[in-house]
Each structure stands twice: as structure tokens, then as C-alpha cells.
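Here the structure is laid out as C-alpha cells; the discussion comes afterwards.
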Amino acid sequence: MLVALALTIWAIYCTYDGLGPFLIYAQRPLIAGSVAGLITGHPLLGLLIGATLELAALGVYTYGGATIPDYQTGAIVGTALAAGAAGDTSAQVAIGIGVGLPAAILLSALDPVGKMVTTALVHRADGYAADGNARGLAMIHWVSLIPWVAVRAIPTFLAALAASGGLVKDITARIPGGFVQGMTLAGSLLPAVGFALLLGMMELRKYWYLLLIGFVGFAYLHLPVLGIALVGVAVAMLFVTLKPAEPAIAVPASAEESAVDARLSKQDLRRVFRRYFWSSQISWNYERMQALGFAYSMEPVLRRLYPDKADYVAGLQRHLQFFNTSVLIGGPLILGSTVALEEAGTPKSAASTKVALMGPLAGIGDTVVFALYNSIIFTMGASWALQGNWLGPAFAAVMVLVPYALMRRWQFGFAYREGKRLAGHLAAGALARVAQGATVLGFVVLGGFIPSIVKVVTTLTYRQTTTVQGQPVTQSVAIQDRLDELLPYLLPVLVTAGVYLLTVKARLRPVWVIGIVVVAGVVLGWLGWFAPSAPAKS
Amino acid sequence: MAGAHVRIDNRLVHGQVTVAWTRRLGVRRLIVCNDDVAADDLQRMLLPQAARGLPTDVLSVEDTLADGAGADVMIIAKNPVDAFRLADGGLRPEVVNVGNVAPRPGTTYTMVTRSIAVTADEADAYRKLAATGIPLLTQLLPGDKPAEFVPLLDRKGL
């Protein structure tokens, strides 16, 4: 019971973390699962289950409010049930993944329910804004967190409660060893799904050859992932700096040089940033998306700038209009420039700049955050975690905590100082260059990740009769040895390519592809034809 | 000039478009179609940067019609009025997909789906668009089930 409550509290924090502060990206399965392992007293299970789900979910993030599998709950629930299961660690991990994956997929059905409740709430916020009631507005903003949390915390609590009973042990004690073998293989194939989804989001046709650098680095030179990442950084720098100078885009001269006396105090600015940092999208809803969070963040500035109530109300309503962007890269820039433009006494241009910037910055920010930076650090973290190394989740958490906090602070300050000129800076192509550099790095690193993390070998053998000194000799030859002579890590490459074709070319939905990989893994592993690694040579 | 894919989306170039749709449709170029956006320097410069390397033009309705876009192009119309003007000007896509139409300040709107707000004027434009014979559907992401749009308007009494 106590454990179930602790897991529920952890689930609540994970949900909040992914809507507000993004301190450690706790809704990612690597982090959610690892801590769930600590809570249940089975840290290794949490590490392994979280890492496996993380790799299956690599390219999977929510874009513009689309519903995705709930891997956070999958990782927590999977770990909790695995902890209560019978058998050794590999059997428990197999059960955890076997439960966690379907749970993640099924529970995604609850996600729209939470978002619909918050949609109803935002209309209450409209009423408070019309009255100039900042307290009511703030109340609705924070209350909107409840439906978001409830649809994740309640299933977590129920599953964790069920896991603590003896029933799980009784059921799992009857699971055949072959299934465990199969599930273990499936678990080591699942990262191929994450890599394929990621490749599907990147410009494979343009940069495919960069994969070779990482592949050669790992398969022939045996570089560790960090070494491959360093090579990737160097290649990315080459791409960005050696690019022929583009025809300079004329930066639009800012017509209105805002030489207004500063009416906002440092404390006002800090308050705005703090509100955005801690709660940017906790009241996300289908109709206005992040609007209420933006209005809530702007409120201290509006109160200072518009002593007249009618103006203040108009300001709140102005910022309660539809808004959605990438909250880690992009959002703070928009917030800073909006504050500057409101202070300069140009509310109209504050509103129009906001609208102009939110779409493009969402596209650029989401690419850099989801597809590139996060994918790299979480793949590195998960690959260490799979070896039972705590450095894995710790590395990922720190690499989220520090850079994203600094980046957001810097963006806000920069955009506030630049005000109207911000747009000119952005238009000069800096963002496109960052995105290109990150893409190049991503490809190099992926080339090394695929053979190092997708683990599969065949255990099949064939009999070969050769003539040695006139005597016919029959020996058993491992097919894997022949494959290795052809190309090291041929099978992981083929599996990833196959999954890529299924998702991108045959256009199967990711959920189906995950199903196919799991079934194929279980069957082939059960039959004993394939395994994650070669059996120890006797 | 048949074949260009048309999506109505007032968030223009964003993740759903660049990640999901352009890949599903095998699109090689984007056209953002709206007179005001095409006249705005800032958006004209920023939108192509958001398209993840896909060549992107920001054109007025008139220039879009003159472009002669084929099946490897996705046209993102900012609103139903623009989409109707395209159809009226002779563009014949296989379908028009209504994606996101977020509510705009100072209008009286009804949410027809989770992501589509419709005003009385827009309802009129949607109906005129459907009357040209081009199928009018709504499908947010390629994995979603497409739905006929006009019956949705009927249901909300628009």
C-alpha cells in the first residue's frame, strides 16, 4: 500500500514535470521507470524496463497535442508488476515489458479525456479574465493540472495496488521459460522501432551516408558511444562552418526603435519568467492549447503596465487567445519579446509577433528538442542503463536539467532586450543552422547506436562436410560466424531497416509495428533460433 | 493542375504537417497560401526555416494558382476562404483536408471538432468549397480516421 502510494506520487510528479518545469523530463520512461525501481526496492528492474521502453519510444513525442502511448505509466506500472513477479531478473524484466508496453498503448485512450476536461475549464478562465480577476485565472490554470494528472495517477495506483498482492506472483510463476527467452529477445529488438521512427522524422535521403561514420566507428573501431558522439560533433561543426556563405537575407530594419523608459522592474520580469518556467502548459487544452499558461505568465506585466482596469482586462483577453509553441526552445523567446513589446506600448504588435513566431518556432524547437537533442542523450542514457549502470538515467536527467534551464533563461533575457529586433535575428538563418548541425550529429550518432543497441544474433548452425587429409569430416558451423565475416552487426542493421520499411514505406502505425516486433521476437526467441547475444562458446 | 494536396491549417507549418503529413504524402515542397502572410516579411522568412529542410514558398492565393503545383506539393491554406478561392480559381485537388483552425480573437465561433473552430462566414466558405465537388474531409493526422466535414457542420447547426 505504501509503495503504491509512493508510486502514485511519483506518477503525479512525472506528469507535472512534463507539463511545466521539465526539470528532469520525468515523463520519459527511462526516468519514470528508474525511479519506480528505486521506490519498489528493485532498482535494477526499473533501470532495465525503463531503458527498454525508452528505446522503443525514441522518436515518440507529442506534436501539437496529438495523443501518444503513455510510456510514463507503462514504465511505472511495468516496473511495479515486475517487482511482484516470480522468477529471476530476466523473467521479471520480460514480464515488466510484456505488461508495460500494452499498458502504455491502452492507457493512451485516457489522454483525450483529461484534455477535454481542461477545455471546459478554459472557458471559466475567460469569465475571470473579463472581470479582471487574476486570482480566479490562476486558480483555473493550476486546477487544470488535476485532470491531466488523474488519468495517469489513478491507473498507476490501481496497478501498483494489484502488484502488491500475491496474485501476480502466482500467475507469473506459471510463465514458461521459453516465453521469457522470447520476451528478452523482443526487448532487445524494440529499440529498432525507436530508431526507425526517428529516422522517419529525419532527412534520410539527404544525409544517409552519415550513418556510415557512426557504424564504422562502432562496428570496426569499437568506439564507445561517447566517442562516436564526439566524432559527430566534429562532423556537425564542419557542415555548419564550411557551408558556402548564403546570400545575406536582409534583416528588416526595426521601424520603431523602442526607446521607452523601462516601466518594468527586474522583479516583474523574474515573476513572469518564473510563472512560465514552472507551469507553461499545465492547463493545455484542445481549444486554446497553451493560451492560459501564457496569459497567466503575462499577468504580472499587464498589472504593472495597465493601471486602468479596462486596459488590464483587454490585456488578459489578448493573451488568452490560442497559443502553442515549443516550450523549451521558442516559448521563452516569444514570451520575452512579447513582454518587451507590451512595455513599449505596442500591444498590437505584441499580439501579431506572437502569432507570427509561434508556428515556425514550434517546428524548429520541436525538431531540435525531440528528434535531436533528447534522442541523443536519452539513447546514451538508456544504453548505459541496459548495462545496469546508474549513470544512465543520472546522465540524462542532468543533461536535461542544466542545459534546458540555462537555455530558457537566456532566451527570455535575450528576447526581452532585443524586443522587436528579435525577429530580424531569427530570420537571419541562425535557427536553420542549429537545426542542421544537430541533424548531422544525430545521423552520425545513430549510425553507431543501431549496431550497439539493437542486439540480435542467430543461434542456428548448419552441418558442413569437408575433406581434411582425404578424410570426410562433418562439423557444425554457426551461421552467425559466417554472417560476421560478411558484415559485422548485419542482423541489427537488417532488423532496423525492416522496421523502417514497415513504418515509413508500408506506413503501418507504430503500435502495429511494435506488435509485430514483439510477436516476432517472442516466437523466434522461444524457438531458440535467435537470441540477444551469442551463447558462451563451450 | 490536379494533384496538389490541400490542407486548411491556420497554424501553417508545424509538427503535424512537417513530421506526419509531408512524409505520408511524399511531398517535396510546401506552399503556404494566404495573402496577409505572403505580405508579411517576418513570416515569409521564418516559415521556410520551420519546414525541416523542405523547400517552402509563401505565396498569395493568386500566386499559388499561377504556380501550377503538382502532386508532390502540399498547399497549406490558412483558412477556408483561401481554400475556396483556390478551388474557384481552378485548382482541383483530390481532397481538401481541414486540419487545425484555432479560434481567432474577436470572433463568435463554434468548435466543430477539438481542433476546428468555425464562424458563420467560414461555414459559408466551407459549404461553397464542398459545392465545387471536391471532397471536404477532416483528418488531423495520417493515423486518424477521415471524416466528412459538411455533416459535422450540419450537426452543429452551422
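From the backbone N, Cα and C atoms, a Cβ is placed for every residue, glycine too.
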- Task: Kindly point out the range from A:30-53, A:294-317, A:414-437 that TrEMBL annotates with transmembrane segment.
- Result: A:30-53
- Item | Per TrEMBL record, range annotated transmembrane segment [choices A:91-112, A:179-200] | A:179-200
- Item | Long-range environment of the transmembrane segment (A:511-531) - Cβ separation under 8 angstroms, sequence gap at least 6 | 56, 69, 101, 105, 178-179, 181-190, 192-193, 196, 456-460, 491, 499, 502-503
- Cβ-Cβ under 8 Å with the transmembrane segment (A:361-384): same-chain residues at least 6 beyond its ends: 25, 28, 30, 50-52, 54-55, 58-59, 61, 63-64, 191, 194, 198, 201-202, 225-226, 229, 324-331, 333-334, 391-393, 395-396, 399-400, 426, 431-432, 434-435, 438-439, 441-442, 445, 449, 452-453
- Message: Counting Cβ pairs closer than 8 Å, which of A:30-53, A:145-167, A:179-200, A:207-240, A:486-504 has the most of them with the transmembrane segment (A:390-407)?
- Response: A:30-53
- Item | Intrachain neighbours beyond the transmembrane segment (A:145-167), with Cβ under 8 angstroms and 6 or more residues off its ends | 1, 3-5, 7-8, 11-12, 14-16, 19, 70, 72-73, 76-77, 80-81, 83-84, 103, 107, 110-111, 113-115, 117-118, 282-284
